[in-house]
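Participant: Sharing a structure, written as structure tokens. Questions coming.
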Amino acid sequence: MWGPMRSLLPFSFFALPCAAPTTVRVAGSSTVFPVVNAWAEAMNLSSEEIRIAGGGSSAGARRVCLPRDDPEHVDIGDMSREWKNSEALLLDDAYTWECVGSKNRVTQIEVGVDGLAVVVGKNTIAHDCLTSPEVGGLTLAMLHWIYSNWTNDQLADYGLNMASVIHNDDGDNVKEWSDISSQCDEVPINAYGPGSDSGTFDFFAETALCKDCLAGKPGYRREDFNWCPDNDQHALEHASALKTYMANGRPPNCYMASESDYQLVQWLTADPGGISYFGYAYYSIFAGELSTVRIASDRFLGVQETADAKVEPSTYTITDGSYSVFKRKLYVNVDNTAWDYVHPFLAFGFSSPGQALVSSVGYIRTNVARLAKMRARIAERGNDEADYVSIKPDTCPLGTELSAVPYVNQFGNPKTSYNCTLCPLGKFKFLDTPTPCTSCEGGKYTDVVGQTACQRCQVGFEAVDGLFCRACQPGFYKKETAAASCSPCSAGSFSNQSAQSDCLYCPPGHFSLQGSTTCAPCPINEMASFPGTTQCAQCGEGFFTTQEASTSCSRCGSGRYRSNESACLQCPGRMTTQYLAATTISDCVCPEGTVFNGDGRPGAGACENCMEGLDCILGSDLRNYESFLVGSDKELTFPRLIPGYISYPSEPTQVYKCGKNSHCPGGVPGTCARGRIGLACARCQAGQKFGVDHCKDCEPFDLLSFVASSIVTGCALPMFYYFMNSPMTAKASTILSTTMAFGMTLTLLQTIGLVGLVSLDWPSYMQPLMDFVSIFMLDLESLNFDCLGFSSAVRYCISVACWPGALLWLVACSVVSQLGPRRFRFAVAKLLSTIGQVFQIGFTIMSKTALMPFMCFSHPNGKSSVLRFTDVICWEGGEHSTMAVFGGLMTAIMAMFWAILLWAVLQAPRRSTQGDAFFLQATRFLFFRFRGDYWWYGAWFILRGPLLSLPVVVFTDVPAMQLLTMTAVLMVYMVIQLVAWPWKTPLINVADGAMSMMMILLLFIGSAFLDRLRDGEMQTYSVLAMGVLGMLYSVAFVLLCLVGLAFISRSAMGSKDELSILTLGKPPSNSMLMNALDAFCLSFGQADRKFLEHTIDELSAYDRRKLAAVLTTLAPYFDEGRMHLAHQLSVSTTSYNGPRKSLARMSTSTSTLLELEETKQKAEMLAVAGREEPRVEEPVPLIEPRSLEPPPTQAGDQISLQVLSTYV
């Protein structure tokens, strides 16, 4: 079909002038091969006229560059890529290349444009995966992963996002289609493609892989394709059954190469997991068997995350450039010596029919502009004037620089020659790069050409134009050799010589300007604190100096000020300043602890001492308070009340002290705790009671505690009568033991309550423990009595009236009892004893209550208030007068009661000797708790409450003296108690002594709270106080436990059968004492009087007292009348009914009614006295019965103590 076209050819291989026919030899790229082959077929050229071979782009470049006499040399080298620098050098016309080795010159002509297609076998697993909606193609990053021999970690280091590239990687280190997506089958990805000589291979590798890594450039990790072993490559090339080999023999993933594109097609169609690449034109031939893959240009992300479009190769996408990722140009490279016989061939190829053939084989023909240029090159038949490009040398020796010298070459074309010349003076170059020499920096010089470095001038010298060094002038310096030039001395330094390496700093107190040779001193009231000062600083207002060259300004001292004066001025009067360095007289204020009192006129007013209760901080001024009252917004400084004090807006300096700190929060005058009213915030409003820190409304049941207490007290008093006068044993009853322990507990709690009267700042968490005892002090506030809203005087009078009311109630109950059965009727003697016991239990409370109106503490303003009723001003008004009258009456009653006790103590020995049963029964409350030889201790013991209350009266404003006096009282009582050991029960003696000791400790610790303590000290003393209070309450708890034990054991107080814990050990038994007495009587009977006198004379004072105590204890039992009476009555020790039962067993000599009544009274007297007779059914007389006669009158005083000891 191309035969007729021969006539159209302008030249024919058969009509070459002056030469025999020559064979055109073509070799190279298999991609360009179809074009060249189509041209040859169209021209109907025989094998003698043209020979076309493949081999790849690298083979085409190599063979066209071979020497022309080499049999493998070709005239045209086909290439589907650009030349490499290692293959040829591009000349200055940009299309003539000179081969590196042979110096052959070739002309590069662009044939057309082709796209590289990535393909898989149609209907294979790879095809299904890549055409699925979830995948839909590949990115360059995914191709990189498929073809590279790098590991996943290495790819990640290069920048690939492996989590994006292989979404579904199973980690088995086998590249599988399922690693890309879970929608793909788990089949290995097998790579195919051209060999390394192919231009297609080079183009694909440089595009998909790391170009610099493939080239092995320094600094890059070497990368290559994952080549299959040679034996596996050979096995595949010679396999007869491809599908069987692909399924069983092919190693997974590795790269199988072939220079035959057709062979690659065969392999792909046989391998369900295969993927390859070659020219799009060749793909189009086998489009029925292969499928192209859409490609996105993203080099780092996978196909699912990339934002780049996935483009399928086609004629249109390659032409319009949208498929740019694998778009490439195709070239033929003509040996310039072969133009005479290859010209007709190429002239046809770039004619219109030839270009049509380019399109017919599937490539894109060259555009019109490029085609015109190519035709011009063909017509030119090689550019003989192509010259070397004047290339700058890559390096110039050290100390030389690149010089560009223009010249005209042999063809008359202007050119530039590049040479390396020595660096001139003042310049240097230390690199071997083709760059100009560098001028020496300031401070450096060179005095020889061709230097690699400049020399530095020494310190104190500077370089001049980089040629020589000169010395720095005075006022200048050069500290470092690297400095460019001498610098003027900075302000604050100087230099007075030449060639100096540094300037000297001006000393403190001096200054200098820049470039100075000397320093000047600072004038007065100016200073320079540091060396090197550039300018002296003015002393600011409030600062001064006294001489020139000062290094610092002194502050005007406290109480002094300065503005523009030459010296500081003193503030007037007692005034000081709030800070040092005050500037004006307006900065003068009153010092801390004082307050300014004046009318605002200049010079009027002065600083006055701050009154107690006011916090006069520095600068306090009463004038500011007046401004505060009218609503000034300024932060004004005036005396503020400290917590626990109050004053009123009309008289802010008239300060009252509140009862408790919680009543008065302090601050602005007139501020009480919420709800509190009255003078010194003394009470809550009617219907309210005081809580933790404010008054709160009373609830309906709040008065229940007061009402209930009144009812309980009313019921308890007659019960107390029967309790105190119930049947008892011969020595002491269980009930009396209980009363003694309970009374001791109340005494302890009441004593703690008296300590609470002392004005101490106990820690807040201790206050509940101190307030707890207020219940036992009959404090009406603890019973919510405040809810009734009575005034302080009324509340006090009610508390005073409680005691007479209680006694009158007892008398009334006695009168009412006379109307009842005989056994419930009150006896006069027992009633008196009950009244005395009530007085005795409440004596401490009564003393506190009676003395309360006289416990007047002073306010800072000179007035004084009652301690517990701070709204009652002492000795002013009717309220205090009323309270004083009631308090005086109660004091008189107490004095009268104690006088009666003193009379009873004095009468007791005689009355007990006379057997006055009424007297002993009426005074039993006074004597039953104590041993007989200390019968008087009750009258002494009861004075402890008043003695502890008196210090609060006498030293109300001096807590230290209160503590000292209370401590002295407790110590006196403790010493007397420890010496006397007066209580019948030994454990009560120990408890009494322990309580006194712990009370003394509590007072000692309380003294620490008189002063303001640091946090650590406060915590230490608080812990100690809590510990002592805990021990005191523990003693109270132990005593209450003894009450329970007494009810359980029901043994007489002080008897041999009493619990060992109460007697501090088990007392000796009867048999032991009898044996000891028998032995003593036997020895005593054998001794003469002289020996006895000698023995007694040798006894120590302590032993003499012990002997007297023994004789005192035994004497009453061996009294003649007493033993006769015991023989007659045989008094039982089990109950009060004992004497009545024994009456049936008395001798007939006492059977008359008169004798029975007399015997009954005496038996009751003995029972009251607490005597314990032997527990026998029948009396066993100790001596012969005698008539019962009283002892002689003159001896009554001598034995009265012994008788009382036995009775009580």
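Just so you know, the numbers here start at 1 and follow the chain as drawn.
Just so it is clear, glycine is given a Cβ too, placed from its N, Cα and C backbone atoms.
Okay, these came from TrEMBL:
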type: DOMAIN; residues: 20-350; note: domain 'PBP'
type: DOMAIN; residues: 548-588; note: domain 'Tyrosine-protein kinase ephrin type A/B receptor-like'
type: REGION; residues: 1169-1199; note: region 'Disordered'
type: SIGNAL; residues: 1-19; note: signal peptide
type: TRANSMEM; residues: 703-723; note: transmembrane segment
type: TRANSMEM; residues: 735-760; note: transmembrane segment
type: TRANSMEM; residues: 793-816; note: transmembrane segment
type: TRANSMEM; residues: 828-846; note: transmembrane segment
type: TRANSMEM; residues: 885-906; note: transmembrane segment
type: TRANSMEM; residues: 934-954; note: transmembrane segment
type: TRANSMEM; residues: 960-981; note: transmembrane segment
type: TRANSMEM; residues: 993-1010; note: transmembrane segment
type: TRANSMEM; residues: 1022-1048; note: transmembrane segment
Participant: When DSSP states are grouped into helix, strand and coil, how many residues of the domain 'Tyrosine-protein kinase ephrin type A/B receptor-like' (548-588) land in each?
Facilitator: 3 helix, 11 strand, 27 coil
Participant: Determine which residues of the chain contact the transmembrane segment (793-816) at the Cβ level, with the cut-off under 8 Å and only residues 6 or more beyond its ends counted.
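Facilitator: Sequence-remote neighbours of the transmembrane segment (793-816) are 713-714, 717-718, 721, 778, 780, 785, 826, 831, 834-835, 838-839, 842, 846, 849-850, 852-853, 866, 869, 872, 878-880, 882-883, 886-887, 889-890, 893.
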Participant: With a Cβ cut-off under 8 Å, give me the same-chain residues at least six positions beyond the ends of the transmembrane segment (885-906) that come close to it.
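Facilitator: Residues 796-797, 800-801, 803-804, 836, 839, 843, 846-847, 849-854, 919, 923, 926, 935-936, 938-939, 942-943, 946.
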Participant: Go through the chain and flag residues at least 6 beyond the ends of the transmembrane segment (960-981) whose CB is under 8 A from any CB in it; none is fine as an answer.
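Facilitator: For the transmembrane segment (960-981), the sequence-distant neighbours (Cβ-Cβ under 8 Å, at least 6 residues beyond its ends) are 754-755, 757-759, 931, 934, 937, 940-941, 944, 947-948, 950-952, 954, 989, 992-993, 996-997, 999-1000, 1003-1004, 1006-1007, 1010.
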Participant: Near the transmembrane segment (828-846), which same-chain residues lie under 8 Å Cβ to Cβ, leaving out any that are not at least 6 residues past its ends?
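Facilitator: That would be 717, 720-721, 724-725, 739, 743, 746-747, 750-751, 753-754, 776-778, 803, 806-807, 810-811, 814, 890, 893-894, 897, 901, 917-918, 921-926, 938, 942, 944-946, 948-949.
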